[in-house]
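Just below is one structure, and these are the notes that go with it.
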Amino acid sequence: MTQPLSNQGAPARTVVVAIDGPAASGKGTLSQRIADAFGFAHLDTGVLYRAVGVSVLRAGGDPADNAAAAHAAYDLHPEHPILREVALRTDEAAQAASKVAAVPEVRAALLDFQRRFATHPPGGAPGAVLDGRDIGTVVCPDAQAKLFITASVEVRAERRLKELQRRGIPAISSDVLEDMKTRDARDSQRAVAPLRPAADAFVLDTSALDADQVFSMAVAHIGSKTGLKPTA
Ligand SMILES: Nc1ncnc2c1ncn2[C@@H]1O[C@H](COP(=O)(O)OP(=O)(O)O)[C@@H](O)[C@H]1O
Ligand SMILES: Nc1ccn([C@@H]2O[C@H](COP(=O)(O)OP(=O)(O)O)[C@@H](O)[C@H]2O)c(=O)n1
């Protein structure tokens, strides 16, 4: 992935919040709220892997093919229109993402952009929130605050089903549950940057918590690690 020029000149030391967890655990929802509350920039790193997966499919390739996946990852850049497509939200895109994400060259190609976003957040923001699978363990191991957001697979599948229905994307409940289980297994068992909490992460099971409760607990944790309070 080529580098953007737009976020150069930001302060050398920014606050980084790493939010990891399995599919549909609520990472994105929480990350955006944290970013808004603290005035930080937010990067949903899953979108990068989804874009690579969909690019390979559109080129008629197999997302598990290392060469095809690596080629698509090197071609991706931050202004690429595919990053804003609703097609990235489908189960097909999620499965393709999880396959390309197991290819070491793909992870390497996307690493510099993610790290640069953390150290030089766009718009000169004083901090960055990155969400994904390996932010606290690989991308930003020095992040000041790390959260690992999880929930039972049934709760997560139900949340994702409702989300897809809201977006007008056709989905079948049993397929969504199967997708979660397959991706959980693939993401946790891959050799490179597997899904797991960092040793110093705050692990939060949100199965019985609503988004407001999760947000409050996350704000308290970030405050305890950084001394910061929400500004909005
Ligand atoms: N604590 C929560 N309780 C209920 N629904 C939630 C909660 N957090 C997020 N959601 C909903 O679940 C769905 C998946 O959340 P999202 O933030 O996209 O997860 P992720 O980024 O981990 O895939 C969204 O529709 C979101 O509104
Ligand atoms: N930092 C990241 C982010 C996503 N991914 C991969 O990309 C896929 C899609 O990620 P996502 O965050 O968009 O998925 P959801 O949690 O939204 O379902 C995951 O299943 C992972 O295989 C990754 O390997 N590392």
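Quick reminder: no glycine exception, Cβ is built from N, Cα and C everywhere.
Taken from TrEMBL, the feature domain 'Cytidylate kinase' applies to 17-221.
Per TrEMBL, ATP binding site is recorded for Gly21, Pro22, Ala23, Ala24, Ser25, Gly26, Lys27, Gly28, Thr29. The Cβ of Ala23 (ATP binding site) lies under 8 Å from the Cβ of Ala94, Arg156, Arg160, Asp179, Met180, Arg183, Asp184, Asp187, each on the same chain and at least six residues away in sequence.
The secondary structure of Ser25 (ATP binding site), as reduced to three states from DSSP, is coil rather than helix or strand. Other residues of the chain with a Cβ within 8 Å of the Cβ centroid of Gly21, Pro22, Ala23, Ala24, Ser25, Gly26, Lys27, Gly28, Thr29, the ATP site, are Leu30, Asp131, Ile149, Ala151, Arg156. With respect to ligand 2, the binding-site residues Gly21, Ser25, Thr29 contribute no residue with a C-beta closer than 6 angstroms to one of its atoms.
When Cβ atoms from all protein chains are considered, those within 10 Å of Ser25 (ATP binding site) total 28, not counting its own.
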